[in-house]
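Features reported for this protein in TrEMBL:
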| type | residues | note |
| --- | --- | --- |
| DOMAIN | 3-139 | domain 'B12-binding' |
| BINDING | 13, 14, 15, 16, 17, 61, 62, 63, 93, 94, 95, 96, 97 | adenosylcob(III)alamin binding site |
Ligand code: B12
C-alpha cells in the first residue's frame, strides 16, 4: 500500500472549524493523504470526494449536536456509490448534550460506523487507530 487516503470533513450545517484544521495538520504530518472538504459538508460531498480519490476511510466530525441526524444513511449511500467496506469514523460532540457514550456508540455502530469517538478524543488516539486500520501506510 502507498499512502492511505482519508476524506475529512465536518458534516451538516456545522461550522466548528478548529478540530478539523488540527486533524488535517496532524493526520497529514503522520503520512496520510488527507482530502479535507472542510465545514458545512453534506453527505454527498464526503461520498463524491471518496469516490474521486479512491479513499480508504471517511472521517466525519460533528460538534454542534446534530450528528446523529446528519449521519443517518451515510453507510447506505457509501454502499450505493461503490464504497463498500470503506472505513467510517465519527467524532467530536456527536450527540446533543451529555449522554451515556456506550449507548451513543451502539447507535452509531448500528448506522454502520466502524469507529466512534467521545468528546475530546486526542490526536494520539486518532493516529493510533489509523495506524491500526492501515498498518501498511507508507509515510
Ligand atoms: C468555538 C466553538 C464555537 C464557535 C466555532 C467557531 C469555528 N468556526 O470554529 C462558534 C461560536 C461559531 C460556535 C457556534 C455554535 N456552537 Co459551539 N463550541 C465551540 C467550543 C467552545 C470549542 C470547539 C473547538 O474549537 N474545540 C477545539 C477543538 C480542537 O476540539 P474539537 O472540535 O472537539 O476536535 C478535537 C476532538 O474532538 C477530535 N475530533 C473531532 N472530530 C473528530 C472526528 C474523528 C473521526 C476523530 C477520530 C476525532 C475527532 O479531534 C479534534 C482535534 O483534537 C465548543 C465547546 C468545547 N469546549 O468543545 C462549543 C460547542 C461544540 N458548541 C456547541 C453549540 C451548541 C454551538 C451552537 C449550536 C450554538 C448556537 N446555539 O448557536 C453553534 C453552532 C453553529 C454551527 N452552525 O455550527 C456545543 C455543542 C453541544 C452538543 N453537541 O450537544 C458545544 C459543545 C458547547 C456546549 N458545551 O454546549 N461554537
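Each Cβ is built from the backbone N, Cα and C atoms, and glycine gets one as well.
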If you count other C-beta atoms within 10 angstroms, which of the binding-site residues 13, 62, 93 is the most crowded?
62
By a 10 A CB contact count over all chains shown, which of the binding-site residues listed here is most packed: 15, 17, 95?
95
Where does the mean pLDDT land for the domain 'B12-binding' (3-139)?
97
For the adenosylcob(III)alamin site as recorded (13, 14, 15, 16, 17, 61, 62, 63, 93, 94, 95, 96, 97), determine the largest distance between any two Cα atoms, in Å, rounded to the nearest integer.
19
How do the residues of the domain 'B12-binding' (3-139) split into helix, strand and coil according to DSSP?
56 helix, 30 strand, 51 coil
